[in-house]
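Record features, source Swiss-Prot:
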ACT_SITE  Ser228  active site, nucleophile
ACT_SITE  Asp549  active site, proton acceptor
CROSSLNK  Lys541  SUMO2 cross-link
CROSSLNK  Lys606  SUMO2 cross-link
DOMAIN    6-122  domain 'C2'
DOMAIN    140-740  domain 'PLA2c'
MOD_RES   Ser2  phosphoserine
MOD_RES   Thr268  phosphothreonine
MOD_RES   Ser434  phosphoserine
MOD_RES   Ser435  phosphoserine
MOD_RES   Ser437  phosphoserine
MOD_RES   Ser505  phosphoserine
MOD_RES   Ser515  phosphoserine
MOD_RES   Ser727  phosphoserine
MOD_RES   Ser729  phosphoserine
REGION    1-178  region 'Phospholipid binding'
REGION    409-457  region 'Disordered'
Amino acid sequence: MSFIDPYQHIIVEHQYSHKFTVVVLCATKVTKGAFGDMLDTPDPYVELFISTTPDSRKRTRHFNNDINPVWNETFEFILDPNQENVLEITLMDANYVMDETLGTATFPVSSMKVGEKKEVPFIFNQVTEMILEMSLEVCSCPDLRFSMALCDQEKTFRQQRKEHIRESMKKLLGPKNSEGLHSARDVPVVAILGSGGGFRAMVGFSGVMKALYESGILDCATYVAGLSGSTWYMSTLYSHPDFPEKGPEEINEELMKNVSHNPLLLLTPQKVKRYVESLWKKKSSGQPVTFTDIFGMLIGETLIHNRMNTTLSSLKEKVNTAQCPLPLFTCLHVKPDVSELMFADWVEFSPYEIGMAKYGTFMAPDLFGSKFFMGTVVKKYEENPLHFLMGVWGSAFSILFNRVLGVSGSQSRGSTMEEELENITTKHIVSNDSSDSDDESHEPKGTENEDAGSDYQSDNQASWIHRMIMALVSDSALFNTREGRAGKVHNFMLGLNLNTSYPLSPLSDFATQDSFDDDELDAAVADPDEFERIYEPLDVKSKKIHVVDSGLTFNLPYPLILRPQRGVDLIISFDFSARPSDSSPPFKELLLAEKWAKMNKLPFPKIDPYVFDREGLKECYVFKPKNPDMEKDCPTIIHFVLANINFRKYKAPGVPRETEEEKEIADFDIFDDPESPFSTFNFQYPNQAFKRLHDLMHFNTLNNIDVIKEAMVESIEYRRQNPSRCSVSLSNVEARRFFNKEFLSKPKA
């Protein structure tokens, strides 16, 4: 039996759009009528409008005092061929106050055949003749990638990274334990995960990454995935110009200095004015702006203030020769009227692509936020800076901005972010504003003269900036509501056909472990309605979508790593989530991840929460497939929790603390400390608090390196026993209907 990687042959169905090109050539004898021509010579321009496409209104430049203008300007419209598309042509006269309509004509696009190109004359007022050149073609190369497979760049990265990892594992594990690494195919895929938890997660993850870097574990990892606070550390690390040549130790020193300041210092009038003016520029270009944009700027100014122009795309240079693990970031797409615990689509971000695996739709990072229609960009914007994405990835804190800044009266609303979030519904997070303020279809024909328009825009800008500044620096009504604080971007799936849904694991028998029974799937971990509507599709008619912190559903980025295309063997996860006390069970987020995985038919080891009762609180727990022979595609999970146990006694693994000063620095609680220095809402870490949390997670990681090494050795053995791991035979494909028919009909070697 031959084994294949079938994902590249699964067809993600999508309908092709049409590209309608209009060249406005010229006009002759433009007139305002006999009386009008006596008073003024026309200043003509042409406006084109098709109501059925998002970027619907376009216009030529105007010519002063010209009755025979020659424009030769080309415009493109992306159209849905199933719609009744009608081009409306309006001849306009530019005036100082309000432009004047000289004539209107219409043209049914359906009268043209695909591949046809022709010149069409239009007569206005029985005198003026205008010539347009029109052509219609199929958009056969959309800007979205429709596929269940990983992108070619990630595939290339994986191949290069495996060669690097093979040598690193041999060095780390020694000749005896690595004798099974004969080729790149024998190399297990290791992923490192960081949870959310605000600056607590960021600081804790900084200690983790330092330990993984020093121990050589990081050199054996293919992926590093983060959520919320962990993404802030990943962004800081990967955007640093000296990484990876300079390791986390020196970069963490810079981080400690950056987070020692009160974030309120960033809200000086001069800086606030600069923030809001840059957001006005974004808003006036036609992009949505929310409080998350401002929060992203504050996070960026705190963590990456000397590289605020860095983009996600620019991080490719950090992995272009597979010298580092590939960073993966995440947020959620949510609906305005549905709880994020019931419905949420996971959006993944890498330096190579951004997209949603649930729909098999991906795009280059520089296109995220641009206007799309039917998979094609209709209006391209500049790539959003990394700090904007940092605000989106951690947007729970913009939703609860009053807690972050300590606005009066807000401190009594709950001691942890999780308690606050329990009271949030998506309708609190997301404004119900489905309209487009930049929607050309609602604009009147014509525009004001540029001089008059600039005066109006200046007044409008001043008013908007004033409102935003007052909302930001005062205890205004905006701080007493969570409305509209979610990130908002143009819907890149606008107009697509989602009649066919694609399970995250579209191949049967891919996960052969014992499946959950109905009672287990029905059992609630955190909420009776959790994941109830996760199979629902996105609204492809909504012009904008809301993107929020993934921690609002569960606080570990497992969905990125569990994609079967990535074939991860070993997951090392670090959970910095808040708990009621230091002695509380630490598995809530992991149990939610397990339930989500089972509902999506993805391999996941059985999480036994009673291990806490049997073994007590530990620095890490190992969860393995019960039957590796049957569950050959199930990963092993090493789950680190935030706990101060052995660190109190040892300053390094095996090195006891001796002096009172050494013992005192390590004698602290995480969640039981009444002063809450490690609160989820603490955005200022004095050096001592930073060092304590950083050094704790650095120690906990190093103290369990042997556990990680042992799991690596076992993963190598699993690979040896199952050389076809994460490959699938065609006879086991449940979703044959998704496959390219030509591929299915080919004879197999």
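Backbone N, Cα and C atoms are what each Cβ position is placed from, and that goes for glycine too.
Mapped onto this structure are the features recorded in Swiss-Prot.
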residue	record	DSSP (3 states)
Ser228	active site, nucleophile	coil
Thr268	phosphothreonine	coil
Lys541	SUMO2 cross-link	coil
Asp549	active site, proton acceptor	coil
Lys606	SUMO2 cross-link	coil
Which of Ser228, Thr268, the listed recorded positions, has fewest other Cβ atoms within 10 Å: Thr268
Tally of residues which DSSP labels helix, strand or coil - the domain 'C2' (6-122): 13 helix, 54 strand, 50 coil
Averaged pLDDT score, the domain 'PLA2c' (140-740): 83
When distances run from the Cα of the residue listed as 'active site, proton acceptor' to each of the recorded positions Ser228, Thr268, Lys606, the nearest one: Ser228
Lys541 (SUMO2 cross-link) as reference: those recorded positions from Ser228, Thr268, Lys606 with C-alpha within 10 Å of it: none
